[in-house]
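Asker: Straight out of Swiss-Prot:
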- 1-12: compositional bias 'Polar residues' (COMPBIAS)
- 13-24: compositional bias 'Low complexity' (COMPBIAS)
- 1-25: region 'Disordered' (REGION)
- 46-66: transmembrane segment (TRANSMEM)
- 79-99: transmembrane segment (TRANSMEM)
- 123-143: transmembrane segment (TRANSMEM)
- 151-171: transmembrane segment (TRANSMEM)
- 181-201: transmembrane segment (TRANSMEM)
- 229-249: transmembrane segment (TRANSMEM)
- 266-286: transmembrane segment (TRANSMEM)
- 329-349: transmembrane segment (TRANSMEM)
- 372-392: transmembrane segment (TRANSMEM)
- 393-413: transmembrane segment (TRANSMEM)
- 431-451: transmembrane segment (TRANSMEM)
- 466-486: transmembrane segment (TRANSMEM)
Amino acid sequence: MAATGSGRSQFISSSGGNRSFSNSPLIENSDSNQIIVSEKKSWKNFFAYLGPGFLVSIAYIDPGNFETDLQAGAHYKYELLWIILVASCAALVIQSLAANLGVVTGKHLAEQCRAEYSKVPNFMLWVVAEIAVVACDIPEVIGTAFALNMLFSIPVWIGVLLTGLSTLILLALQKYGVRKLEFLIAFLVFTIAICFFVELHYSKPDPGEVLHGLFVPQLKGNGATGLAISLLGAMVMPHNLFLHSALVLSRKIPRSASGIKEACRFYLIESGLALMVAFLINVSVISVSGAVCNAPNLSPEDRANCEDLDLNKASFLLRNVVGKWSSKLFAIALLASGQSSTITGTYAGQYVMQGFLDLRLEPWLRNLLTRCLAIIPSLIVALIGGSAGAGKLIIIASMILSFELPFALVPLLKFTSCKTKMGSHVNPMAITALTWVIGGLIMGINIYYLVSSFIKLLIHSHMKLILVVFCGILGFAGIALYLAAIAYLVFRKNRVATSLLISRDSQNVETLPRQDIVNMQLPCRVSTSDVD
């Protein structure tokens, strides 16, 4: 048991466990930038919780989402809108669980994984999480390269190389206030959202068809399932679960049972508002693309653009709103989207590395490593396949994220449904059942598509029989390993109880926010013995 400097709050563990969390100080001296939640019960407290949900929602309107939305509308009109609705609802439930985990336990998801799993599973989960961060960064790289191409006519492959420099410059500007920087970027992103809302008025999509697409599930035509999975992967991202569970630790909240419950409730409302905005943006992008590309009076040039629509060609969709400036405005918003998503991705990567390995890097170095890994495949594809190939790589990256989601989602569901970790704030049975149904559907769709696509690939391949058999053995062995890894996470019992920060002597005791989360730099944290 270790006490803070004031002696008011204590870490109480119901079970020792064979692994411990890295120690995190409770800061006694708050600075002027801290967000402090009042002890008094009031709806005004909600404003103190605004922030994490909107930062997380940036990932829902990143270049990867724009790319998949544009292709979904161009190829299937409004038929895949229901995927956006389902994914947004699922994202709200899942993101709220991530926030609850951080609020209740004081530790984010990656730290919980390190405490719960042994070295080998923990290392593998870290590898998968890092791959997810890199896969998430690929659309940002390509989206930024497309934006530079539209703004300055820079070849896409050169733009790919320049993306590392542009993001490092933005990260260097953090010393002037990261909040101001992120709000500026978010403003630019929502500028393009307003344009799509206005374009929605000009394109006049049929309301009945839009509602039918939103509420009637259908997957017709070749490639619809793959695009649906990429839409799902672009909406519910594994790195967001790590990010959200960490960002909520930046608030100073009352540690009473009622204070924690209020924090969870307000974070749910905040996440709902943020994801509602992201949902409307994604629906408008699909609807505009569907209405414009399926119009009967489409010009031959626009029809050609729609047949192979990607971020580099999408500016013509805004022509009715801003005319000849459509390309420049879309490029600026695309650049803002890519850079803002990269910054939040950098934070997520920091928390992943710190949580799983207890290893911390400077933000610029962390971003450089991630960006280099994302640039390599992007550069190769841009050189070989041009902008069309780069656009297809965004879809592939989104599909990779969808396949990797179970390795972040299952631990989250297990932890938040565990009484020894969440105490009285454990998920109700109804929420537990709902979240497992959501997780099961996501995993089921992924597995079905993976197996069916692999079989189709083998059947239609022109390889010799011996090579088909060899590839089949390797492929199905990989699928079996994938299923076994998910099964291990699902059926393994939680063995480590969380150390909860609680109060023995007061219902109004507060804990100041985690210092490493507040300043977003992940400095070396002093042990609790140093705080005494």
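Along the chain as shown, residues are numbered 1 onward.
Quick reminder: no glycine exception, Cβ is built from N, Cα and C everywhere.
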Asker: Under 8 Å, at least three CB pairs between the transmembrane segment (466-486) and the transmembrane segment (266-286) (pairs 6 or more apart)?
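Answerer: Contact criterion not met.
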Asker: Which of 46-66, 123-143, 229-249 shares the most C-beta pairs under 8 angstroms with the transmembrane segment (266-286)?
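Answerer: When the Cβ pairs under 8 Å are tallied, 46-66 comes out ahead.
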Asker: Return yes if the transmembrane segment (431-451) and the transmembrane segment (372-392) have at least 3 CB pairs under 8 Å (sequence gap of 6 or more), otherwise no.
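Answerer: The transmembrane segment (372-392) and the transmembrane segment (431-451): touching, no.
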Asker: Going through 46-66, 123-143, 229-249 one by one, which has the most CB pairs that fall under 8 Å from the transmembrane segment (79-99)?
Answerer: 229-249
Asker: Return the stretch with the most CB pairs under 8 A relative to the transmembrane segment (123-143), choosing among 46-66, 229-249, 393-413.
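Answerer: Comparing 46-66, 229-249, 393-413 against the transmembrane segment (123-143), the winner is 393-413.
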Asker: In terms of Cβ proximity under 8 Å, which residues at least six beyond the ends of the transmembrane segment (229-249) contact it?
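Answerer: Those are 51-53, 55-56, 59-60, 62, 64-65, 67-69, 72, 80, 83-84, 87-88, 90-91, 94-95, 98-99, 101-103, 106, 108-110, 128-129, 132-133, 136, 139, 263, 267, 271, 282, 344-345, 347-349, 351-352, 355, 395-396, 398-405, 407-409, 412, 442, 445-446, 449, 513-514, 517, in sequence order.
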